[in-house]
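Let me begin by presenting the structure, written as structure tokens, before commenting on it.
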Amino acid sequence: MALRFPRFSQGLAQDPTTRRIWFGIATAHDFESHDDITEERLYQNIFASHFGQLAIIFLWTSGNLFHVAWQGNFESWVQDPLHVRPIAHAIWDPHFGQPAVEAFTRGGSLGPVNIAYSGVYQWWYTIGLRTNEDLYTGALFLLFLSAISLLAGWFHLQPKWKPSVSWFKNAESRLNHHLSGLFGVSSLAWTGHLVHVAIPGSRGEYVRWNNFLEVLPHPQGLGPLFTGQWNLYAQNPDSSSHLFGTSQGAGTAVLTLLGGFHPQTQSLWLTDIAHHHLAIAFIFLVAGHMYRTNFGIGHSIKDLLDAHIPPGGRLGRGHKGLYDTINNSLHFQLGLALASLGVITSLVAQHMYSLPAYAFIAQDFTTQAALYTHHQYIAGFIMTGAFAHGAIFFIRDYNPEQNEDNVLARMLDHKEAIISHLSWASLFLGFHTLGLYVHNDVMLAFGTPEKQILIEPIFAQWIQSAHGKTSYGFDVLLSSTSGPAFNAGRNIWLPGWLNAINENSNSLFLTIGPGDFLVHHAIALGLHTTTLILVKGALDARGSKLMPDKKDFGYSFPCDGPGRGGTCDISAWDAFYLAVFWMLNTIGWVTFYWHWKHITLWQGNVSQFNESSTYLMGWLRDYLWLNSSQLINGYNPFGMNSLSVWAWMFLFGHLVWATGFMFLIFWRGYWQELIETLAWAHERTPLANLIRWRDKPVALSIVQARLVGLAHFSVGYIFTYAAFLIASTSGKFG
């Protein structure tokens, strides 16, 4: 018999129905379930695929550089970053005739182009790139790295160069190398780039391979380093009148602690950033020597974990047994990695706008909005993935004997208390927040806005004041001019920080009021409910009172027939599926809040947000409806404009989103009947019946249909909001 897809599963390959194709795609990356898999091959396959992943990333970033160099306007943007619109790439085939060509010919280009809202122009400019040649050089270098990655992946699939399982399970060596090598050395190298190339570039010096050995980054060279006079590197920083990219107002300092923002670029001081990376490098280089390997110095992680037993004896055996549990479970390791990466991605979203690191990016409002939204959605998907793999760990890898009475076992033992507390928190937040919004809605509807319940977020305002925000009048810690912390830091970093935090032209510690109080609690509701669903899915993954043998059914099962009295929708996969809807919903509220508050700040009418955000109709009318008007007007009797493409994407996003419900509401029987009718018609239609297929068409399984529905819902949801966000922001601010 000819080899059929999927090669990794003979059982599936012999399936006579279309289930073969869909189940084959669904399990292609579940290496553990493949025929003939061994632990060694599993680790080697994953290791080799990482190189392929790197190759794709390098190819993609190379493409960004290449297209901007070829079709962009980087060199003219560099001359005037605040007024020239950065071009991402040309549009090859602008449909809809001459009006489209005219609408999309912008940014000083000769033909139709797409504008870049990714921030790459600001990033490349900040790190010292200035010409198209620089961009081409970078693109070629990344292409080279991509090729090297592919070769490395192939190389490590050859029998002689396949690492052994013991190599993959050497946790101490891996941690040391990742901490010192990946984080430490790369941070040190980045500090070097900033000091040798980017900082001179910001002062009008063009440093490249041909002259970087001759241009001293600091007038005194390495002298202060070797004589211990490190403070010399911080003396004579750039002045507040410094023009970025020129020597006007420039200083000579390379490692500073100024605090606050560069007045012209509204971004963090480049010398502060270099100092930060040097400190990070030092910490990680030290951290990479913490764990004991062949050299007999440092800690054994197993010893550390086994010693972590709570004193008093009432909290069980602590971390005993965790080392082998984690080290032998790829799902546990992936869960930890995804949880960490999810948190850091969300923190990136929060910090990119509040503490912008790239020159002039703070004044590019559409880019700010796009980057915040982009990173929050990615964080959401990564975090839900962490719980998915945590649940798979409990089903496939958890060994009760090995983890007796340790923290994992105790989580399972106390799951009812954990889940019910989360449930209580979600119910409390939901009913109270909705109650306040609905009450305020009714008061406005009846023309008595003064009867709204408006709660000042005094605790959050107090925290902002403690960090130096003076407008609330709390006079506490850094907002108190007589405090010891204020006086101690006055000559170091505080002037820049206090100026920044009390200046209303940036997004640092925004002034908050009753509208913020309400939406924060709405977001808290979303976060707690998403967490509740995910935690319940993972803690009940092995079994529950309703279905004690659940782990025997695997991660995703539809149900165990009608005889068990309701075993549908309780697999760990179903919890993940439900949680993704809540995650999207929550991030919707987060991005709505961020965007509306910033639009009113940028337009100088912040009172609109303050007055309209305290009741639901305000959100619907003054945020969603008011800002979608440009989209709905993308096509009109007078032809088209540069927002037309977003108007189309807005419509298309709604279409994709709505298609999701078709899969989520109609299940197998409906589709099976429809398929059989269509197959009957096909076989009796002349010409059409010349085309035959080998696999008998059958409907998707319940779980697969849910996945397809969820995918359409998610993609449509994000497409729709992306179009709304970019069009409403760029329509106002260009």
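Including glycine, each Cβ sits where the backbone N, Cα and C put it.
Per Swiss-Prot, transmembrane segment is recorded for 46-69, 135-158, 175-199, 273-291, 330-353, 369-395, 417-439, 517-535, 575-596, 643-665, 707-727. According to Swiss-Prot, the feature [4Fe-4S] cluster binding site maps to C559, C568. As annotated by Swiss-Prot, chlorophyll a B1 binding site applies to H654, with the evidence given as sequence analysis. According to Swiss-Prot, the feature chlorophyll a B3 binding site maps to M662, Y670, an assignment based on sequence analysis. Taken from Swiss-Prot, the feature phylloquinone binding site covers W671.
Annotated features, which come from Swiss-Prot, shown on the structure.
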{"residue": "C559", "record": "[4Fe-4S] cluster binding site", "Cβ contacts under 8 Å, 6 or more apart": "G566, T567, C568, D569, I570"}
{"residue": "H654", "record": "chlorophyll a B1 binding site", "Cβ contacts under 8 Å, 6 or more apart": "G716, T720"}
{"residue": "M662", "record": "chlorophyll a B3 binding site", "Cβ contacts under 8 Å, 6 or more apart": "G709"}
{"residue": "Y670", "record": "chlorophyll a B3 binding site", "Cβ contacts under 8 Å, 6 or more apart": "none"}
{"residue": "W671", "record": "phylloquinone binding site", "Cβ contacts under 8 Å, 6 or more apart": "A699, L700, A705"}
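Sequence-distant contacts of the transmembrane segment (46-69), counting only residues of its own chain at least 6 positions beyond either end whose CB sits under 8 Å from a CB of the stretch, comprise 31, 87-89, 116, 118, 120-121, 124, 132-133, 135-136, 138-140, 142-143, 145-147, 149-150, 152-154, 156-157, 163, 168, 330. If one looks beyond the transmembrane segment (417-439) by at least 6 residues along the same chain, the residues whose Cβ comes under 8 Å of a Cβ in the stretch are 411, 452-453, 455, 518, 521-522, 524-525, 528-529, 531-532, 535-536, 539-540, 614-616. DSSP assigns the residue listed as 'chlorophyll a B1 binding site' to a helix. Tertiary neighbourhood of the transmembrane segment (175-199): same-chain residues 126-128, 207-208, 212, 215, 217-218, 254-255, 270-271, 273-274, 277-278, 280-285, 287-291, 293, 298, 301, selected by CB-CB distance under 8 Å and a gap of 6+ residues from either end. Most Cβ pairs under 8 Å with the transmembrane segment (707-727) belong to 643-665, among the candidate stretches 135-158, 369-395, 575-596, 643-665. Within its own chain, the transmembrane segment (643-665) has Cβ neighbours under 8 Å at 96, 100, 103-104, 628, 630-635, 700, 705-706, 708-724, 726-727, 730-731, counting only residues six or more beyond its boundaries. With a threshold of 8 Å between CB atoms, the same-chain residues lying at least 6 positions outside the transmembrane segment (575-596) that come near it are 353, 369, 372-373, 376-377, 380-381, 383-384, 387-388, 391, 516, 519, 522-523, 526-527, 529-530, 533-534, 536-538, 540, 609, 613, 619, 623-624, 627, 706-707, 710, 713-714, 717-718, 721, 725, 728-729.
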